[in-house]
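**Student:** Shown below is the structure under consideration.
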Amino acid sequence: MLVFPNAKLNLGLYVTGQRPDGFRNLESVFVPLPWCDALEVLPTPEGTETTLALTGIPIPGDPATNLCRRAYELLRADFNLPPVQLHLHKVVPIGAGLGGGSADAAFALRALNDLFQLNLPNEKLQAYARQLGSDCAFFVVNKPVFAYEKGDVFEEISLDLTGTACKVVYPGLHISTAEAYARVTAAAPRHDLRQALSQPLETWRNTVSNDFEDALTPIYPVLGEIKQQLYAAGAAYASLSGSGSAVYGLFPGQELPPKLELPAQYLVWDARL
Ligand SMILES: C[C@@](CO)(OP(=O)(O)O)[C@H](O)COP(=O)(O)OP(=O)(O)OC[C@H]1O[C@@H](n2ccc(N)nc2=O)[C@H](O)[C@@H]1O
Ligand SMILES: Nc1ncnc2c1ncn2[C@@H]1O[C@H](COP(=O)(O)OP(=O)(O)O)[C@@H](O)[C@H]1O
């Protein structure tokens, strides 16, 4: 079975409070971004080992802790799954605020559910996904949502950005999510995100913000420079995604986003949502 785990963008993000479990409460809107990895899951005969082949962008850390492998182990513990061959081709940049690792985990759960006909409903898959990362449960249904608590409880939102030209710029800074959270002071949300995002996209610049962007831009000025470039090129809205370091711009009404003069080592994704 071959699946294509996609990334996500955060439209606005407020860190709203400290939780007793050490995590923070947040409010954000998540939307799928069709920048994708490829993940193949094949059953192998009993008696062989489960394997994980990794190609594409190198993933830091021990492959034994790769989120695809952890997703498999989680289901195997409950469902006595046979061994599998996993092959992940990594395309989405890592530590970018695009949720690529979380998507791999959620798509692995979904693929195993289908392949072995486990018939787990989305609520059960989300419960497994929450054990692998706060972002992970979003990718089970993979539709725009207002997310709150740890970012793993969702309310449906009617927001359709289909066809909007979008540019995502990843400057190659790997910002750890834990480091980013440590730099943000929790506070009450400045706006009701659902209300702000229901207004025309051109108004978001004044109402929709990301607390990580405010905390990280003084330390990593390149984030602010990319955002300025996106606005100078005609973006109606630009922001850091999640805890960064990817910065995106939305260009409604354009066929494709304009070209930008950027250092050759930056990764750039240009397409329509
Ligand atoms: C910031 C967000 C916004 O969408 O995305 P990314 O920028 O990582 O894509 C998410 O909250 C990231 O979710 P995820 O990447 O799954 O985080 P996890 O693996 O669960 O946690 C990594 C670390 O982030 C911190 N953390 C995460 C989520 C949360 N609600 N509160 C936290 O304090 C904790 O220090 C935790 O140890
Ligand atoms: N399949 C995977 N893809 C990406 N990162 C993974 C994966 N499995 C584990 N990780 C670990 O997760 C961390 C980053 O996750 P990722 O979701 O790509 O970034 P972000 O949290 O910025 O959205 C990295 O430190 C990486 O070592």
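For all residues, glycine too, the Cβ spot is worked out from N, Cα and C.
Note that the coordinates shown come from a computational prediction; the quantities given were computed from them, not determined experimentally.
Grabbed the feature section from TrEMBL, which reads as follows:
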- Lys8: active site (ACT_SITE)
- Asp135: active site (ACT_SITE)
- Pro93, Ile94, Gly95, Ala96, Gly97, Leu98, Gly99, Gly100, Gly101, Ser102, Ala103: ATP binding site (BINDING)
- 66-141: domain 'GHMP kinase N-terminal' (DOMAIN)
- 205-255: domain 'GHMP kinase C-terminal' (DOMAIN)
**Student:** Taking ligand 1 as the reference and 6 angstroms as the Cβ limit (strictly under), which binding-site residues among Pro93, Gly97, Ala103 are close?
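**Tutor:** Going through Pro93, Gly97, Ala103 in sequence order, those close to ligand 1 turn out to be Gly97.
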**Student:** Cβ within 8 Å of the ATP site's Cβ centroid: which residues qualify beyond Pro93, Ile94, Gly95, Ala96, Gly97, Leu98, Gly99, Gly100, Gly101, Ser102, Ala103?
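**Tutor:** Near the ATP site, beyond Pro93, Ile94, Gly95, Ala96, Gly97, Leu98, Gly99, Gly100, Gly101, Ser102, Ala103, sit Ala7, Val92.
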**Student:** Give me the DSSP three-state residue breakdown of the domain 'GHMP kinase C-terminal' (205-255), ordered helix, strand, coil.
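**Tutor:** Residue counts in helix, strand and coil order: 20 helix, 10 strand, 21 coil.
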**Student:** DSSP three-state call for Ala103 (ATP binding site): helix, strand or coil?
**Tutor:** helix
**Student:** Can you tell which of Pro93, Gly97, Gly99 has the least company, meaning the fewest other C-beta atoms within 10 angstroms of its C-beta, among these binding-site residues?
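**Tutor:** Lowest Cβ count within 10 Å among the binding-site residues (Pro93, Gly97, Gly99) is Pro93.
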**Student:** Quick one: pull the CA-CA distance for Gly95 (ATP binding site) versus Lys8 (active site), whole Å only.
**Tutor:** 13
**Student:** Quick one: what's DSSP say for Lys8 (active site), helix, strand or coil?
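**Tutor:** Going by the DSSP assignment, Lys8 (active site) falls within a strand, counted as strand.
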**Student:** Of Gly97, Gly99, Ala103, Asp135, which is closest to Lys8 (active site) if I measure between C-alpha atoms? They're all recorded positions.
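**Tutor:** Closest by Cα distance to Lys8 (active site) among the recorded positions Gly97, Gly99, Ala103, Asp135: Gly99.
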**Student:** Taking the binding-site residues Gly95, Gly97, Gly99, Ala103, which residues show a Cβ-atom distance to ligand 2 below 6 Å?
**Tutor:** Gly95, Gly97, Gly99
**Student:** For the recorded positions Lys8, Gly95, Gly101, Ala103, Asp135, work out the Cβ neighbour count at 10 Å and name the residue with the minimum.
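**Tutor:** So among Lys8, Gly95, Gly101, Ala103, Asp135, the recorded positions given, the one with the fewest Cβ atoms within 10 Å is Gly95.
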**Student:** Where Gly97 (ATP binding site) and Asp135 (active site) are concerned, what is their Cα separation in Å, rounded?
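**Tutor:** Their Cα atoms are separated by 10 Å.
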**Student:** Between the Cα atoms of Ala103 (ATP binding site) and Asp135 (active site), find the distance and write it as a whole number of Å.
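**Tutor:** About 8 Å separates the two Cα atoms.
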**Student:** Measuring Cα to Cα, how many angstrom lie between Gly101 (ATP binding site) and Asp135 (active site)?
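**Tutor:** Each residue's Cα considered, Gly101 (ATP binding site) and Asp135 (active site) end up 9 Å apart.
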